[in-house]
């Protein structure tokens, strides 16, 4: 458990951890490339390590260290055992598509209790459209998932754009194996597009080209067939999702902090946290590779469309508690499909602290109360809730006890130590 007490001031220099999204994609791409790739500044978090270990089961040789992962990619082989991806939904979804391209046999992918409840049916349906064979062992669209090796025989696949972007990423990373050119057709407006931009960016670095379909009245992507993944040296940038908690702490508390390893020209959608706090009234200094914050700032509630930034919702919920007026979060139905239902979890747990939050079908309405009280909070094994609630606890009267702090190892393994280094009053017990 994590015990958090009111923190009068934070000061110091921090580095945002490496991007989880970029690390996942880079290690999988490197494993598919015949040769050696050096991945610099990888995230050594539990989810990304799940991707690395799973890639080893498909034939890659990977030397892991804190500074660099050396990946020797090769032709995909049939795993010798069930592929257990732990708690990593990204690993499960991307490798469900990729595993169809082993030379023969079957792959079985599964994970922990939480993963075995995560929806997979839209991806399974899409892959089956391509002539591949994959299914849930329970016939309910959840893991364990069985995938048969096979050739892609149909080259147009339709999928909703408002489901998890990880499904579309999986298809994007699988279709280059097709002998023919392929097309992904989105049947509904796209959500979480920045994550697909990250996928396209990483694929490009590893020699695979994806084109956005610019035809009128047709939304989707075009992928050339017979493309080869090529090895490269790749440096992974800092993670704006994880930096959002540091930004929130900086604008809400008496602070003088510098957050390094976040880039002004990043393709990450969650860089929007900088614009959000600016619109709320914070004067944040954004530079080429770092952010400087001298708080606190008087914030005002605003309306925020979270279509492309679902991972920022817990951070926004905490910011809204300390803003004048109402903060409205909308277009966030997909936020319910993360590690937990984050809309319900934020409402339930922050309300225990005295927050005034109304849960809507697609979002939240947070009325600023400017004062929270310590409470015992559940986090539902969700790393983002642990970190967001920690910031709330640093501003609350009394003691806040947060369960499940171990989950931060997924995306920000050094979160507690980093926060303590700048003066945060937190302790693991």
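Glycine is no exception: its Cβ is also placed from the backbone N, Cα and C atoms.
Features of the protein shown, as given by Swiss-Prot:
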type     : residues                                 : note
BINDING  : 20, 21, 25, 164, 165, 166, 192, 311, 338 : 3-phosphoshikimate binding site
BINDING  : 20, 89, 118, 166, 342, 384               : phosphoenolpyruvate binding site
ACT_SITE : 311                                      : active site, proton acceptor
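Inclusion criterion for the binding-site residues 25, 118, 165, 166: a C-alpha placed within 10 angstroms of the C-alpha of residue 311 (active site, proton acceptor); this criterion is met by none of them. Rounded to the nearest whole angstrom, the C-alpha distance between residue 20 (3-phosphoshikimate binding site) and residue 89 (phosphoenolpyruvate binding site) is 12. Using CA atoms as reference points, the binding-site residues 89, 118, 166, 342 were checked against residue 192 (3-phosphoshikimate binding site), and the closest is 166.
The binding residues for 3-phosphoshikimate are recorded as 20, 21, 25, 164, 165, 166, 192, 311, 338; their greatest pairwise CA distance is 18 Å. Residue 165 (3-phosphoshikimate binding site) sits 18 Å from residue 384 (phosphoenolpyruvate binding site), taking the CA atoms of both as reference points. A Cα-Cα distance of 10 Å separates residue 384 (phosphoenolpyruvate binding site) from residue 338 (3-phosphoshikimate binding site). When the binding-site residues 118, 342, 384 are scored by other C-beta atoms within 10 Å, 384 scores highest. Classification of residue 20 (3-phosphoshikimate binding site) by DSSP places it within a helix. The secondary structure of residue 166 (phosphoenolpyruvate binding site), as reduced to three states from DSSP, is helical. For the recorded site, residue 118 (phosphoenolpyruvate binding site), the DSSP three-state label reads coil. In the shown protein chains, 24 other C-beta atoms lie within 10 A of the C-beta of residue 166 (phosphoenolpyruvate binding site). Counting only same-chain residues at least 6 apart in sequence, those with a Cβ under 8 Å from the Cβ of residue 25 (3-phosphoshikimate binding site) are 94, 169, 173, 198, 199, 202, 203.
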